[in-house]
Structure formats: structure tokens, C-alpha cells
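K.L.:
So that we are looking at the same thing, I have put the structure below in C-alpha cells.
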Amino acid sequence: MATDLEDIVEHMRRFAWPDYLVFVSMLMLCILIGVYFGFVQRKPNTESEYLMGGRTMMVFPIALSLIASFISGITLLGLPTEVYSFGIQYVYVALGVTLMGFVMGFIYLPVFHKLNITSTYEYLETRFDRRLRMFGSIMFTIMNIGYLPIVIYVPALAFNQVTGVNIHVITPIVCIVCVFYTCVGGLKAVVWTDVVQTFSMFGALVLVAVKGTIDLGGSDVVFRSAWNTGRLERPNFDINPTTRHTFWSQLIGGFVYWLQTNAVSQNMIQRYLSLPSVAAGRRALWIFVFGVCLLMSLCSYCGLLIYATYQNCDPLTTKLARAKDQLLPLFVMDILRDLPGLPGLFVAGVFSAALSSLSTCLNSMSAVILEDFVKPFVHKPLSQRTVNWIMRSVVVGVGALCAALVFVVEKMGTVLQLTMSLEAITNGPLLGTFTIGILIPWVESRSALTGGIFGVIFMSWLSLKAQYWVATGTIVFPHKPMSVDGCTYEFDRSLANATSTSVYTTDDIFPLFRVSYMWYTFLGAAVTILVSLLCSVLIFGRQDPKTVSPDLMAGFVRRYIHGPDVPSVQGNARVVVLTPNAYGKNGKTSHESAL
């Protein structure tokens, strides 16, 4: 018997008191962890302790924190929808993630760890000058402020789907909890809450996968329906860069994207630098690679599972799920609504992903603001009380701004696409700038800054213009087969036949704007490096590589420039190289000469 769509939606909103209890328990546990590290475990209240955990953190908690920090609610909710709509072609990005592990572990990580820095962007001043440091810090700040509201908004949509609670009721509560434990407990509280949240994320996905598979009658049903509709597919070796996902875009484009977010972003590097050695950092890196690949596999399987369940009545077409990010929550309430407490466990897992990403960004922002925007401009050392006040004020201020910007994200639907474009605008030029510093020692500061600025301008033009064409419906990515023939409830059938109203066609658009988004970070980095090299050759001239401290280069570059016997500062000694020319002709840094 046919049922009205609204009745179905209300019927699925059975978030009972056990579910609220599970969700609130997760928030309370985060608060208690913050209280423990802030008040019970009495450690010296220093900058290093607050931002870096005293640089004595353990490998496994840091590795789980890295996984939780990178995997946000956007990934947990977005990846199943991606696989549901387009198939598993995206999942081959795991090859790029693995390649990133090798490159980061042997090229980028040893350089940062050796310098014993707090802010990643200190490297840019050490290698180039203060202008490059400010460039990197500003790009990082812009990216985070644009990204944070979405981190909270997307899981709030999921909460709204299963409970009906307004997003502006839940987002301030979650932000206050996150700000509290980050502000009070510092990095250690962030890391240990991330550990709890990582297990919560994995537990929620395993629960959904197992229960959904049992209801369908086994995994063979899932894979058969996926294979028959082309969702379970071999790698696409098409070399056309405008194809949305190919083997090459996932391997090369994915490698470059993950390299930027993991190897040079303050959000991630700060955790690696809290470990006592490079070897410990590499172990954490490979646990991170394995954990992320496993989590993506679970999310992808859930996407196939959702399709096998709704293959005859697509909830996105009927608007049973009003937004794409509500597809997985809809599925969860469908299969778990008669099991009190389990929907709450799933929602707790989604918000765990959001809290971990938010707390990581807040902690990293406090480090960047203090190290890059305050310390370089004061003429005398700051007292410990002033440092503590600044770090905690940044956490509170950015957290409040995040909660406020949720209103903007909600009212302007295209802001979601716009913010992802901002990420592409900053990621590529930042990776290009760091790569120049570590691998190309004959490029000096003016050339690197010109390349970085040009890269930002180019990526702004490319990504914003491309997103405009996507938003207007001119660039359309064809979905895998969908059907509404088996629906047992009434809905607006005209929605199933809706088409784009754009007066343009895809062929009318300049090919560069049709390039897959997976290539954006690669393009931004490539343009930055290319322009920097051209400026070195044609305008500003080459820098003598021997004037660059060997500790600022990758190992194989250092051996090529300075020979195999040049000493390198090891351990926890901090390299102080204030300008590129501080490395003198005698083969010693100013710091080493003082020693």
C-alpha cells in the first residue's frame, strides 16, 4: 500500500532515549579526557606541553589521532554516497595514499623532524624568508576557516535526519564540548579523545556493514548487484584528464593531494613532530596509511550495501534523503530503528569524526597564530602566562567563529562547493612551495613567493570557474543506473526526469575547466614550481645551493649538493637558520658554529 513520503520520513525518526544516552556519553567522555589532562595529570603548563605533548607522545595513539583527524564526517557520509552514485573508481586512491607514505617518510618527514619546529611554516622562513612564512600561514588559516564550519554542519545534517533536531541546536553544543577539552587539555587531550573517536568511527561502520549485510542475505548479494550495474569495476586507464576518476587521477592526483594534506599541513605534521624520533614518525605514518585505507574500504562497502538495499527505489531521486550526505543516516535508521541504542552509536561515530577534525584544526590554529602571527612581531619574549592566554583564546575564538559560520553554510548551498574550491586553491601552491624548499635549493625566496602567488591566482581562476559551471548544471557527471520503479510510497515523479536548465553544453566549456578535481592539487603545485623555476632563470637569478643549510634539504639532495660527509644536526637540537644565507662557506650553520 502506497504511503506518503513525509510519513516515511517521520516513521524513521525513532531516536529513543537509549540513543541519546549513547550520544551524550560520547560527549561526556571527551569532556572527562580534557579534565584529566588539564587538571588531574599535572604537567608543566608550557607551550611545548600544550601544543606538542612535550614531544614524547606514543606512536599508536598518534597514529589513531592522525586517522581521526583526517577522516571527518564529510568522508564518513560522503564516500558511501560517492560509491552509491558513481561506483568504486574513487577507491583506487588507496594506491596514491600508499605512494604518499613512501615519499613522505623518506623525503619530507626527516626534514621537519630534524628542525624541531612547532609551526610547519617556520620552515619557510628558515629556508626562504619571513614573507614566505606569512604566505604559508595565511593560506593555512584561510583554508581552515572555510573548512571548519562544514566539518560540523555535515554531521549536524545527519543528526537532523535521524532526530529532527534543528542543526543550530546541536552544533553549538558540539562546538562547546570540543573547545572545552581542546582548550583545557591541549594536544594530549586532543590525541586521546581521537583514540576513543577512532574506535567509535570503526565500530559504527562495522555495525552498519554487518547488520545491513545480514538483512540482505549475505555479501554475495551486495557484490552481485554492484557488479551488474557497473559499480564494482576495474581501474579505468583512460588518460583523458577530464574523466572524473581514472587510475591515473587516483594514483598521481590522489598521491599529490594526500601528500599536501599529510606531509606539509600543520594539522598533520604537528602530530608527527610530537613523537620523539623520525623512526617513530614513520611507524605512525604507516599505521595511518593502513587505517585510512581500511576505513575507506568500509565506507565503500557501505555504499555498495546501500545500493543493494535501495536499487529499486533511489532515495536521492525521490527526496527521501533530501541531501546526499543524509543517505547513510537514512539507511542506518532504516535498518537499526528497532534496535534502541545502535542508531545513537552510529551518530556518535559520525560526530566523533567531526570532533576529531575540529579539535585538530583548533589546536593547530593556536600553534600557527602564536608562532607565525604573534611571536615574529613582538620585540621581547612572551611570558608563559601570555602564551597560555593566547593559545587558549585562539581555540575559543576560532571555535565560536566555526559555530557562527554554520549559519552561512546553511543559507548558501553553493558555499559547500565554494569551500572545497578554496581547499584546492591553497593546497597546491603550499605543496609546491615546500617542495621547492626541500628539493630545489637553487630557487631563492623572491622566485618561490612569485610562484606561490601565481599558483594561488591560477587555482582561484580554475577552481572557482569550474565550480560555477558545476553549480549551474552545465558540467554534469553521469551517475550509475538508478531506479524508482519499485517504490512503495508516493513522491513527485517529475523529480526523476529533472534535467539541467543551462543554455550551455559541456562541449561549450573550455577543456581546462572540465579537468577532474582530483588533478587540482597537482596542477596548483606544478604551476607554482614551474613559475618559480622560470623566475629563477629569467628574472631573479639562481641561488647558490651551497648557501642553503643541508638540514633544510631532502637527504639525497643534500648528498648531491654538499657531498656524503656533511654533518647534520641530529636529535632534539634546534636548527636556527634565520636566512637562507646563514649557512656559510665554512660548511657550518650559525647554530653549529656556536656549538
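Positions of Cβ are set from backbone N, Cα and C atoms, glycine also.
The shown structure was predicted, so the numbers you read here are calculated from the model rather than taken from an experiment.
Sharing the feature lines straight out of TrEMBL:
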TRANSMEM  20-39  transmembrane segment
TRANSMEM  59-79  transmembrane segment
TRANSMEM  91-111  transmembrane segment
TRANSMEM  132-159  transmembrane segment
TRANSMEM  165-184  transmembrane segment
TRANSMEM  285-310  transmembrane segment
TRANSMEM  345-369  transmembrane segment
TRANSMEM  389-409  transmembrane segment
TRANSMEM  415-440  transmembrane segment
TRANSMEM  447-464  transmembrane segment
TRANSMEM  517-540  transmembrane segment
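I would like each feature placed in context: is it buried or exposed, what are its neighbours, and how far apart are things?
P.N.:
Through the fold, the transmembrane segment (20-39) approaches residues 173-174, 177-178, 180-186, 188-189, 192-193, 196-197, 200, 341, 344-345, 347-348, 351-352, 355 of its own chain, all at least 6 residues removed from its boundaries and within a Cβ separation under 8 Å.
Remote same-chain partners of the transmembrane segment (59-79), defined as residues 6 or more beyond its termini with a Cβ less than 8 Å from a stretch Cβ, comprise 90, 150-151, 154-155, 158, 190-192, 194-195, 197-199, 201, 204-205, 261-262, 267-268, 271-272, 274-275, 280, 283-285, 287-288, 291-292, 295-296, 299-300, 303, 324-329, 349-354, 356-357, 360.
Here the transmembrane segment (91-111) has Cβ contacts under 8 Å with residues 83, 123, 235, 245, 247, 250-259, 262-264, 272, 278, 281-282, 285-286, 288-289, 292-293, 296-297, 300, 434, 438-439, 518, 551-555 of the same chain, all six or more residues outside its ends.
Residues of the same chain lying 6 or more positions beyond the ends of the transmembrane segment (345-369) and with a Cβ under 8 Å from any Cβ of it are 15, 19, 22-23, 25-26, 30, 51, 65, 68-73, 75-77, 118-119, 121, 137, 140-141, 144, 147-148, 151-152, 154-155, 158-159, 162, 174-175, 177-179, 181-182, 186-187, 190, 193-194, 196-198, 200-205, 207-208, 266-267, 270-271, 329, 332, 336, 390-392, 394-395, 398-399, 402.
Sequence-distant neighbours of the transmembrane segment (389-409) (same chain, 6+ residues past either end, Cβ-Cβ under 8 Å): 47, 50-51, 144-145, 148-153, 156, 167-168, 171-172, 175-176, 178-179, 182-183, 358, 361-363, 365-367, 369-370, 374, 382, 415-416, 419.
Using a Cβ-Cβ cut-off under 8 Å and counting only residues 6 or more beyond its ends in the same chain, the transmembrane segment (447-464) has close neighbours at 128, 131-132, 135, 139, 418, 421, 424-426, 428-430, 432-433, 436-437, 512-513, 515, 517, 520, 523-525, 527-533, 535-536, 539-540.
Long-range Cβ contacts of the transmembrane segment (517-540) within its own chain (Cβ-Cβ under 8 Å, at least 6 residues beyond either end) map to 93, 241, 244-245, 249-250, 252-254, 256-257, 260, 420, 424-425, 427-429, 431-433, 435-436, 440, 442-444, 446-448, 450-452, 454-456, 458-459, 462-463, 466.
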K.L.:
Using a Cβ-Cβ cut-off of under 8 Å, list the residues of the same chain that are 6+ residues beyond the ends of the transmembrane segment (285-310) and lie near it.
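P.N.:
Beyond its ends, the transmembrane segment (285-310) has Cβ neighbours at 59-60, 63-64, 66-67, 70-71, 75-76, 79-84, 88, 90-91, 93-94, 97-98, 100-101, 104-105, 109, 198, 201-202, 205-206, 208-209, 212-213, 215-216, 221-223, 225-226, 229, 231-232, 262, 272, 327-328, 331, 334-335.
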